[in-house]
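The active site, nucleophile annotation in TrEMBL covers Thr164. Here TrEMBL flags Arg192, Val193, Gly194, Asp195, Thr215, Gly216, Asp217, Gly218 as substrate binding site.
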Amino acid sequence: TAWRVLQLGGSELDAVERGCGQCEIDQCDGSVGYGGSPDENGETTLDAMIMDGNTMEVGAVADLRHVKNAIGVARKVIEYTKHTLLVGESASLFAVRMGFPYEDLTTQKSLSMYSEWLNQSCQPNYWKNVVPDSSKSCGPYKRPEKVTCEEQTISQRSVHNHDTIGMVVIGGSGTVASGTSTNGAVHKIPGRVGDSPIAGAGAYADSTAGGAAATGDGDIMMRFLPSYQAVEYMRMGTDPTVACQKVISRIQKYAPKFFGAVICANRTGSYGAACNKIPGFTQFHFMVSSPLLSQPTEQVVDCI
């Protein structure tokens with residue numbers, strides 16, 4: 001969809017918006033758009049961002065409720081406000097002002113995911129150091145009298161419990177745009193915002209260097225601004241694949257078991273990706289369209 005927009009003369013931002021928006025409509029992988037990844041209350045909320053690498057403008061929304069086209073709303077943040085990020089119910093009210101329909105994001109599928117989770121004593125979840133014991137029972141949780149530390153286990157962050165669409169578009173003149181859209185981590189604590197709508201974390205674009213986007217465990221990845229870092233490596237002349245690998249390696253030092261991947265493309269159209277190798281996730285698949293390819297093509301990299 002994004003490639004077709006470019007071929008028909010649309011801008012790079014148009015391509016990112018329409019490409020990610022198509023994924024929202026298709027509910028890609030159940031982890032983008034409405035009807036997926038219910039939070040602890042059973043509600044689906046959306047995070048998205050879009051970035052213009054010419055002007056460095058960013059539009060983003062987080063914890064967006066009752067509006068399906070999250071990246072479309074993010075684009076309107078750029079076009080009609082002097083802000084960068086709008087959140088929660090207030091972001092939804094802004095969206096309605098901009099002409100987006102206010103509708104339910106819950107589906108039979110997200111409801112059944114939620115009830116199944118409740119039946120499994122709310123496992124897995126994102127609480128720690130609380131009472132009652134969050135590894136065995138549902139809340140409401142509160143602070144204990146004495147604090148003990150819990151180790152984060154790899155099983156809590158399964159490869160299947162969250163994902164994102166991240167997209168980088170390089171125009172014929174070298175203009176770069178990027179964007180993301182996601183419904184976040186499954187069974188997240190209400191109000192949680194991941195890396196996806198954060199500039200430099202979920203995605204980044206700079207037409208003088210390139211663009212990058214990330215997917216995976218946003219709570220860990222956002223601490224390292226991986227997309228910004230990857231673009232800075234490419235600015236220094238680093239090959240896109242190596243730039244992605246260097247970013248993953250930096251995170252590995254602190255969180256060796258994190259789930260995540262980064263895609264990178266420089267302004268001349270070279271691209272690459274990298275991922276962190278953990279059980280069940282040893283390769284990362286991503287799609288590429290370019291004038292050199294007759295159709296969108298799936299690419300695969302081995303995780304490091």
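Glycine residues also receive a Cβ, built from the backbone N, Cα and C atoms like all the rest.
Automated prediction, rather than curation, is the source of TrEMBL annotations.
Annotation for the binding-site residues Asp195, Asp217: lowest Cβ count within 10 Å of the residue's own Cβ, Asp217. Within 10 Å of the C-beta of Gly194 (substrate binding site) there are 25 other C-beta atoms, taking all protein chains into account. A sphere of 10 angstroms centred on the C-beta of Val193 (substrate binding site) encloses 21 other C-beta atoms. On the backbone, the CA of Val193 (substrate binding site) and the CA of Thr164 (active site, nucleophile) stand 13 Å apart.
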